[in-house]
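Peer 1: Would you mind keeping the following structure in view while I ask a few things?
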Amino acid sequence: MSMKISEKKFNDRVGDGIQDSFMRGAVSSAQTRLYTNRLKAADELGNWEEWRELGEEIRQHTLENLDYYLMQLSENVSKRGGHVYFAKTKEEAAKYIQDVAKKKQAKKVVKSKSMVTEEISMNHALEEIGCEVLESDLGEYILQVDNDPPSHIIAPALHKNRTQIRDVFKEKLGYENSDDPYEMTKFVRKQLREKFMDAEIGVTGCNFAVANTGSLCLVTNEGNADLVMSIPKTQIAVMGMERMVPTMEELDVLVGLLCRSAVGQKLTSYVTVAGPIQEEEVDGPEEFHLVVVDNGRSQILGSEFRQVLQCIRCAACVNVCPVYRHVGGHSYGSIYSGPIGAVLTPLLGGYDDYKELPYASSLCGACTEACPVKIPLHDLLLKHRQVIVEQEGRAPLAEKLAMKMFSMGASSAALYKMGSKMAPAAMSPFTSGNRVSKGVGPLKNWTDIREFPAPSKERFRDWYKDHKKGGDK
C-alpha cells in the first residue's frame, strides 16, 4: 500500500462514504467514545492547557533544532552498534529496506503498525523481491487479509464491525467460530505467533526517537511491537525525520499527551523504549537499522506549513471533526485522514491528487482546540486554499468566472446599481416567500441544505433615500 489509497475522484469517494450508513454510525460512536475519554483523561491533570503549551514548546524547539538532534541521534545509535540511513525520498527508503532484506536473504518479514512505512510503500517493495510481509497490529492485520485500506490513524479498521471481520476470517483464513471478539482475537493470536517465530526481519515505526540516548519509543495497545523488536534477528525501524525529542524528559511529556489524546488513557498498555541490543541484554535483534525518512518534510520545515510537523499522530483532531464523522476516512483518499490528513497529504502528495482536501472542512476550529501540541489546523487549511487559488491557480473554472463577474460588478457603481435593481426579478422563479428555494447551477448544492435569503425588493439605497436622517418617511 502507498499513501494514496484510491483512484476514485474525491466527489465519488465522498458519495460512497455518505451512502455507507454503517460506517457513519461506527465513526460517530467511536468519535463520541474517544472524545469523552480524552476529556476525562485531560481533566485528571487539572491544567491541560499548560500541558498543551509545554507540548507545543517541545515540538517547536525540536523542529527549530532538528538538524542538531538528528545528528545527535545518528551518533548515539551508531555508538550502540546500530546503522542509520537518511532517505531523501520514499524510493530511497524503500530501496534501502529492500537491500537489507536481500543481504539477509529474508523471506518473511513481520511488522508493527506504522504510517510512514505505508507512506513509502514498504510492503509492496518487499513483496517485489519475494518477501512475505505480515502486519502484526490486529486492525492492520484484518485490513491486510481483506486487502482494504485503513480509515483512521490509530484505529485502522474502524469502518468494519465484528460480523464483517468474522466473514473476512471465514472466507480468507478458514475461521469457523462466532463473531465474539475474544474468539476472533484468540484465532488471530495463534496465526500471528507462528509467523513471529519464523520471521527473519522485524519492522517497526517510531513514535519518538530520543536524541541523547539513541533509543526509540514505541506505544502500542497489543504488545505486538515488542515481539517485532525482540524475536527476529534483524530489526528495521522507520521514522519520519520530525519524530524527535531531545531527552527522556521531553519524551515523558509527549507520551503523556499522546496517550491521553489518542485513547483517553494515562498510558497505553505497552510503552517501550529500546534500540540496538546491548551486551548485557538477552532479548533484542542482532542487527539494528534506523531509516530516517524525509520525503518532503525538509521542504515543509522551511515553509509556512512547518507547524504541521509538530503532529504526534494522536488523531484527536480526527475524533472531533464533523466532516470525518459524515464521510469517513476513505473519502480522503490517503492513509492520513481527517484534519491532519487534509493539511499533510497535499504537502506530501501534491495538489494534483489532493487539491480538494483543504476544502473538506467546515473550518469550525474543533481540530485546533483538540490538538495536544496546538497545531493551528484550521488556519493551515485556509492557507492551503490561499495557495491553491493564488499560487497554483487551481480554482475551479466556475469559481474563477463567478469571482471575476462579482469583481467587475462590485468595482463599478453603475453595474452594481443595475445588478441590485434587477436581482429580485431575476431570482423570483427560484424563490419561495423570502427564501431562495432552489439554486441555479452550483448554488443548488448550497440551497439544498441551507436557507438562502432572497434579494430584497427594496434596496437599501432606495430605503435610505426615502427616509430623513433620524426621522420617518
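The backbone N, Cα and C atoms fix where each Cβ goes, and this holds for glycine too.
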Peer 1: Of C364, C371, which one shares the [4Fe-4S] cluster 1 site with C311, C314, C317 in Swiss-Prot?
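Peer 2: So, going by the record in Swiss-Prot, that would be C371.
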Peer 1: Do any residues, 6 or more residues outside the domain '4Fe-4S ferredoxin-type 1' (302-332), come within under 8 Å Cβ-to-Cβ of it, and if so which ones?
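Peer 2: Contacts with the domain '4Fe-4S ferredoxin-type 1' (302-332): 5-6, 10, 13-14, 16-18, 20, 23-24, 27-28, 30-31, 34-35, 38, 55-56, 59-60, 63, 115, 149-155, 158-159, 207-208, 242, 254, 257-258, 261-262, 338-345, 347, 357, 360-362, 364, 366-377, 380, 383-384.
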Peer 1: Is it possible to list how many residues within the domain '4Fe-4S ferredoxin-type 2' (351-380) are helical, extended or coil according to DSSP?
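Peer 2: Residue counts in helix, strand and coil order: 16 helix, 0 strand, 14 coil.
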Peer 1: Nearest of the binding-site residues to C321 ([4Fe-4S] cluster 2 binding site) by CA-CA distance, picking from C311, C314, C371?
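Peer 2: Result for C321 ([4Fe-4S] cluster 2 binding site): the nearest of the binding-site residues is C371.
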Peer 1: For the recorded [4Fe-4S] cluster 2 site, enumerate neighbouring residues of the same chain (Cβ within 8 Å of the Cβ centroid of C321, C364, C367, site residues themselves excluded), in sequence order.
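Peer 2: Filtered neighbour residues, in order: C317, V320, P322, V323, Y324, P339, S361, S362, G365, A366, T368, A370, L377, H378.
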Peer 1: Counting other Cβ atoms within 10 Å of each residue's Cβ, which of the binding-site residues C311, C314, C364 comes out lowest?
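Peer 2: Candidates: the binding-site residues C311, C314, C364. Fewest Cβ atoms within 10 Å: C364.
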Peer 1: Work out how many Å separate C364 ([4Fe-4S] cluster 2 binding site) and C371 ([4Fe-4S] cluster 1 binding site) at their Cα atoms, rounded off.
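Peer 2: If we compare the Cα positions of C364 ([4Fe-4S] cluster 2 binding site) and C371 ([4Fe-4S] cluster 1 binding site), the gap is 14 Å.
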Peer 1: For the recorded [4Fe-4S] cluster 1 site, whose residues are C311, C314, C317, C371, find every other residue on that chain with a C-beta no more than 8 angstroms from the centre of their C-beta atoms, and list them by sequence position.
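Peer 2: So the extra residues in range turn out to be S261, I312, R313, A315, A316, P339, I340, C367, A370, P372, V373, I375, L377.
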Peer 1: Around C371 ([4Fe-4S] cluster 1 binding site), which residues of its chain at least 6 apart sit with Cβ under 8 Å of its Cβ?
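Peer 2: C371 ([4Fe-4S] cluster 1 binding site) has long-range Cβ partners R52, A316, C317, L377.
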